[in-house]
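First the structure, in the form of C-alpha cells, and then the observations on it.
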C-alpha cells in the first residue's frame, strides 16, 4: 500500500507529481510500474548514449537503462517487490457497479490515466494495474492544468491588447532562443487602453503581435521546451496559421443585427382588393412578402385559395355560368376549403417544415427547433475582456454594410472583387482575399459563436491542436512525447466538461469541440496557400516572423549545420503532382 504524501510532492525519479511512497521512495505511478516490471521480468536495457541521459518528466522513457539506474540511485528497494501480490498482466476482476467512485466514469479511465502525469510512456501501465484510488488522484490532478491554461489565455489577451512595448522577434530562431514573456512579470494592466495602430489595414499589425506571443505561449509547456530545436520549429510552423485564425475568431466581438423593422401590409386590405386580376395580384403581393423575408400569417395559403375561388366565381367559370348576377352568386354552393391540420408547437422558437413544394401530406409539416442541426451553445461563455478585435477589419474589400452575423458568407460573389495590384503595391490587404475570409468566417468564427466557447475550452483546444503528433518532421521520441501531452490535454478537456454539464451534454459538447479541428486546419491550409501566392508575386509585404512561421523558416547558420532547410527565403517549393 502506498504511503500518503503532502500535496505537491514530486517523484524522486522524474520530478512528476508523486502519487505515494512506492518501494521506499516517493514516486509516480509510471516510475513505480516501470521499476516493478523491469525487475520482475528481469529486463536488461542498453544505453545508446554515455549512460548519463537525462531522466525527467518529459523524456523519462527515452532511455530505459538510465531510468532504471536512477530508480536504484534514489533508493528504490528491490526487496520491497512482492511477486505474489504485484502480479503483472491480465487479472480478472469483478465488475464494479458504483460509477460514482470513478468520478467521471470507467469509459474514460484510460485516457485520464495517460494524461494525469504527462508521461510519454503509454504501454507501461494498463487498466488492470490501476486501482480506484489511483484513478481518483489522477482525476484531481487534471483540474490545475485547466486553471493554468485559462490564466495563460487571460494573460495572452492582456499582453496582446494592452502591452504597448510588445515588440516582434526578427527571426524564428531568435524567438525560440529568447525567454518567454509569460514567465516574466507583466507590466501592463487591464485598466490600460487597448493598443491602437495608425495603419488603415490593422490585421497585419495584430498578426505579428499574435505570432510573437504565440511562440512565447508555446515555450510555457515543458514538453515543448524539452524537444530538439528542429522539432520545435516543426511544431511552431505546423500550428501557426491555425493559431492566428482561432485567435482572430475568438477575440472578435459579435455585431448585433441592425434594428430595421419593415411594416407588413395589412392582409384584409389585400383580400378586399377589386382589381381585374385579383388572384394574380394577391399571389404576387404574397410572393413579394415571402421573398422579402417577412413574417407571413399562418393562414396565407388559405387566403390565396379563397381569393382565387372568389375571383373565379365572379367570372362565372367555376360552375359553367356566364352570368355575374348577384342572385346567381348567392345561390351557388361554395365548396369548403379543406385545411391542413394545424399543430401548435409546445414551445416558442419552433419552425415548420415547408409544404409548398408539391402536395405533401400534412404529416410532413412537422415542427422542429429553429437551431435544428446546430450544436448546442455552452452556458459558460467568455469574458468581455477578450473582445477587442474590430469585426469591421474583416470587411476590407466587402460592402460597407456587411454584417458578419446577418449575411451568409457561403457565396463568394457577395464580396467585391479586388483589382490586381502591381508588385510594387504594398497596400493590399490580406483580409481582402475572398476565399480565406469566407472560410474563416464559415468554418471557424460562426461555429465558435454557435458553440459559445468559454475561455477554458478555447485554451484547451488551442493546446490540443498545437501538440499534433502528425506534425511533419517529428522524430519518434518527440512524437511519443507529443502524443502523451495531447492525450493529457484531451482528458483535461473532458474532465472540465464533466464538471460543467451532465454526462450526455458533456459527451456531445466534447465531440462538437473536437470536430472543429479539421475545419480549422482546412481554413489554415487555405490561408497558407494565399500567403504563398502573395509572397511569390510580391503582392503584399508580409512580416518576416509571420512569413517564417506560416511558410517555413529561412535557413540560418544553425539550421544549415543541422541540415534543415526553409521555404520562405527565396524560391518557394511547391509539391509535385506525384506527391
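Residue numbering: from 1, along the chain as shown.
A Cβ is built for glycine as well, from the same backbone N, Cα and C atoms used for every other residue.
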> Looking at the ranges 11-31, 74-94, which is given as zinc finger in Swiss-Prot?
Replying inline: 11-31
> Can you count helix, strand and coil residues in the zinc finger (11-31) using DSSP?
Replying inline: 3 helix, 7 strand, 11 coil
> Can you tell me how the residues of the zinc finger (47-71) break down into helix, strand and coil by DSSP?
Replying inline: 8 helix, 0 strand, 17 coil
